[in-house]
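Structure first, then comments.
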Amino acid sequence: MIKKICCIGAGYVGGPTMSIIAQKCPEIEITVVDLNQKRIDQWNDADVSNIPIYEPGLSNVVAEARGRNLFFDTDIDKAIDEADMIFISVNTPTKTYGKGKGMAADLKYIELCARQIARVATSDKIVVEKSTLPVRTAQAIKNILDHTGNDVNFEILSNPEFLAEGTAVSDLTNPDRVLIGGQQETEKGKQAVQALVDVYAHWVPKDKILTTNLWSSELSKLTANAFLAQRVSSINAMSELCEITGADVDEVAKAIGMDSRIGPKFLKSSVGFGGSCFQKDILNLVYIAKSYGLNEVADYWEQVIILNDHQKRRFAHNIVKTLYNTVSDKKIAFLGWAFKKDTNDTRESPAIYVAEELLSEQAKISVWDPKVKESQIYTDINALGSIETDEVNNRLKVSSNAYEACKDSHAIAILTEWEEFNGYDWQRIYDNMHKPAFVFDGRGVLNKNKLQEIGFVYYRIGEGGV
Ligand code: NAD
Ligand code: UDX
């Protein structure tokens, strides 16, 4: 029976995942630890609406469990030492240096965690990989733990997380499945798997808790993300063909999605997928395939990324082309900066790359996003390193509401599918814009007929002129 859990990493996965486990398992004491003092302070903020991650419903769950059996702390050694089960939920970004640069997953944070656990642990531990990892990482973790530890027994499990941001609470509360990989051929391995099954069984039906060997579990996570991203790239590839031929990608998506073998989900054409996972995990998959000499497999998956990069660029180029081949000193309003609605996360958001293209054409950009902070938007653009900071400060402004962002603009670009966009007073927005007033809907969310009636020139991704 697990009494104490420690989770290393208080990010987008560690925070919400542990909050739900704490809510559902009041008898288990859970401590989420992180090196980042500021993040921990935010999780502990007396005003629960200030927790560092915006997820619908999350603050209520934190309010219920925090201080009862859910704790956030920076004393990592203590939490490791006291726990029976340790989740590793640290970031595994794409490597930015050395061998595998730009493709392989950087496992340095994982290795640091493993070494810290080995150094600190004085009693047997179950170590759970929650981060997304290359297949066979469990072997490396086991080697480190067994060779540097204090002679305690470590069982390694793989328990990848499938939550999507913006719906984390409902995904965690009602998951399609929970996947647990372990060493089923040893008695201790079996017991470790069962211990984690018992945690989830507090609220997840048993038939949705899937147990596999370690390698299947690790690889299933990369595979799931690759398949999901591939669907988006597939429909986005068709969007370009639709625009040229007069077809409508939403109609095509509906028509194919009604085939039960294809299914209707994840077929919404867009300005491209973003988020911290899809690109990173596919690049990692491509790298793994190449490292085994499987070049055709690698090339196949790499196309998903190539198409996605193309989609972001082509959206920006279409704006330039439509605005009479120049956007120099023209104001373009961005509605949305987050990589999808209902999150404040901007990692790999397509908005960043569309902005980069337009800034390099000397456009002026004003951004409005309901949840993303101004400082984050500047950080995102400056991190690209492709545009001088002075130029960014001169040309990019962050507005405090949509009306201000759109005032005196030549065009509006929809980069995130926030629901509030449809409720705006579009007549008021139109009245304050240069004419012709263009809207480029990169998410296919606005009411075309209404906008056209007002007088907007409206373009939706994937909609061809008839
Ligand atoms: P994140 O960057 O939001 O959080 C990671 C946290 O780990 C950071 O706060 C960082 O300070 C902390 N950290 C790093 N090294 C540490 C160490 N040695 N000791 C203590 N703390 C340390 O990342 P995330 O989005 O939560 O992703 C975590 C993992 O989960 C990644 O492998 C990711 O691929 C995977 N994942 C993410 C999502 C998602 O939607 N974000 C979904 C499924 C899986
Ligand atoms: C994804 C996976 O869905 C999740 O299972 C995994 O654990 C982490 O990675 P996330 O990146 O949070 O989750 O969001 P997701 O809903 O998958 O969207 C990813 C990107 O694809 C977003 O930019 C989204 O706007 C885009 N997308 C998604 C589309 O453009 N069209 C779609 O039909 C679906």
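Here the Cβ of each residue, glycine as well, is placed from N, Cα and C on the backbone.
Because the structure is a prediction, the values reported are computed rather than measured.
The active site, nucleophile feature in TrEMBL is assigned to CYS277. Residues annotated as NAD(+) binding site in TrEMBL: 9-14, ASP34, ARG39, 90-94, 131-132, GLU165, 277-280, ARG347. Summarising the annotation, TrEMBL assigns substrate binding site to 161-165, 221-225, ARG261, 268-274, 339-340, ARG443. According to TrEMBL, the domain 'UDP-glucose/GDP-mannose dehydrogenase C-terminal' annotation covers 333-448.
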Could you list, ordered by sequence, which of these binding-site residues: GLY9, ASP34, GLN279, have a Cβ under 6 Å from ligand 1? GLY9, ASP34
If you rank the binding-site residues GLY9, GLY272 by how many other Cβ atoms lie within 10 Å of their Cβ, the lowest count goes to GLY9
Near ligand 2, which of the binding-site residues ASN91, ALA164, GLU165, GLY272, PHE339 have CB less than 6 Å from any of its atoms? ALA164, GLU165, PHE339
Close in space, distant in sequence - ASN91 (NAD(+) binding site), Cβ under 8 Å, 6 or more apart: GLY9, GLY11, TYR109, SER131, SER276
Note: in the chain of GLU165 (NAD(+) binding site), residues six or more apart in sequence with C-beta under 8 angstroms of its C-beta are TYR12, GLU55, GLY275, PHE339, LYS340, ASP342, THR343, ASP345
When the domain 'UDP-glucose/GDP-mannose dehydrogenase C-terminal' (333-448) is classified with DSSP, how many of its residues are helical, how many are strand and how many are coil? 46 helix, 19 strand, 51 coil
Distance between ALA164 (substrate binding site) and GLN279 (NAD(+) binding site) at the Cα atoms, whole Å? 14
Determine the most Cβ-crowded residue among the binding-site residues THR94, ASN225, SER269, GLN279, using a 10 Å radius around each Cβ and all protein chains in the structure. SER269
The correct three-state DSSP answer for GLN279 (NAD(+) binding site) is helix
Sort out the sequence-distant neighbours of GLU161 (substrate binding site) for me: same chain, 6+ apart, CB within less than 8 Å of its CB, listed by position. VAL13, THR17, SER89, LYS130, THR132, LYS221
Largest tally of Cβ atoms lying within 10 Å of a Cβ, found at which of the recorded positions ALA164, LEU222, CYS277: CYS277
Please tell me which one of the binding-site residues listed here (ASP34, THR94, GLN279) sits closest to GLY272 (substrate binding site), measuring Cα to Cα? GLN279
